[in-house]
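One structure is given below, encoded as structure tokens.
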Amino acid sequence: MEPGNDTQISEFLLLGFSQEPGLQPFLFGLFLSMYLVTVLGNLLIILATISDSHLHTPMYFFLSNLSFADICVTSTTIPKMLMNIQTQNKVITYIACLMQMYFFILFAGFENFLLSVMAYDRFVAICHPLHYMVIMNPHLCGLLVLASWTMSALYSLLQILMVVRLSFCTALEIPHFFCELNQVIQLACSDSFLNHMVIYFTVALLGGGPLTGILYSYSKIISSIHAISSAQGKYKAFSTCASHLSVVSLFYGAILGVYLSSAATRNSHSSATASVMYTVVTPMLNPFIYSLRNKDIKRALGIHLLWGTMKGQFFKKCP
């Protein structure tokens with residue numbers, strides 16, 4: 001088929017991780033378990049933040065938004081992969097592929113911006129503690145989250161519009177478990193040079209900008225902690241941002257690892273395997289990082305579990 005702007009396609013094939021039939025039940029069980037843990041863990045963080053008045057602070061407001069984004073990122077990719085394994089059908093329609101790309105970029109981009117906002121929140125809390133509640137007022141917090149959603153939505157829309165202009169021929173097999181942007185662009189039989197340039201430019205701008213903000217915030221935080229005289233004061237100050245620093249390291253480290261591994265091996269299946277780190281593993285670990293390191297979250301979750309147990313015992317005794 002000759003490439004051209006009028007080339008019409010209706011579907012792609014998601015090849016997933018392995019073609020071995022014997023591995024499919026194992027992959028289904030593994031990813032279903034990881035997906036359920038991710039959704040449950042992040043839902044508990046959201047419910048604890050909403051229901052406990054002690055957690056109605058800017059830091060936990062941002063954390064609940066991060067948990068929501070984690071649920072959305074995994075829900076964009078994993079259910080479709082599980083359905084494909086269960087039905088032994090690798091087909092995804094062209095429209096569904098575009099929608100999956102749009103929402104994945106939207107939620108992943110939002111996390112990128114939100115982590116920068118959370119770094120700024122920790123910067124204000126440690127470097128300007130007396131003015132923290134004045135600076136991080138509800139209006140500013142809402143505005144920062146709204147701006148993160150808006151920028152991510154516009155970036156995602158730009159990438160989808162760039163894909164729509166491409167023509168596709170007969171090679172419609174995506175060697176991945178979801179419609180990953182680079183993999184889809186590589187299938188195009190029309191010129192995709194502009195697409196790659198837009199990706200490189202926007203990633204450098206919208207990825208490098210927030211990362212620079214995070215590094216700047218933590219440089220100021222480290223300077224402020226270093227100026228504290230007591231060891232207990234230093235530990236208390238550092239503990240307030242340790243969880244966020246762990247999540248940032250995991251998020252950017254996973255993304256960097258994916259692109260370094262794909263550039264080194266040039267193997268699409270290796271890239272798909274590495275992508276599990278930031279699409280599944282990172283969202284799954286985030287609730288554990290925050291709950292294990294945070295006494296307020298553990299207390300709130302403990303109260304809810306205790307209250308749920310007491311209610312269960314009460315209703316069990318009722319005739």
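Quick reminder: no glycine exception, Cβ is built from N, Cα and C everywhere.
Membrane topology as recorded by Swiss-Prot puts Tyr235 and Arg299 together on one face. Among the listed disulfide-bonded residues, namely Cys97, Cys189, the Cβ with the most fellow Cβ atoms inside 10 Å is that of Cys97. Remote same-chain residues near the transmembrane segment (55-75) are listed as 35, 38-39, 42-43, 45-46, 48-49, 103-104, 107-108, 110-111, 114-115, 117-118, 121-122, 125, 136, 141, 145, 247, 279-280, 282-284, 286-287, 290, 296-297, 300 (criterion: CB distance under 8 Å, separation of at least six residues from the stretch ends). Remark: secondary structure over the topological domain 'Cytoplasmic' (47-54) totals 7 helix, 0 strand, 1 coil, with classes taken from DSSP. Stretch with the most C-beta contacts under 8 angstroms to the transmembrane segment (198-217), considering only 26-46, 100-120, 140-160, 238-258: 100-120. Here the topological domain 'Extracellular' (76-99) is broken down by DSSP into helix, strand and coil counts: 18 helix, 3 strand, 3 coil.
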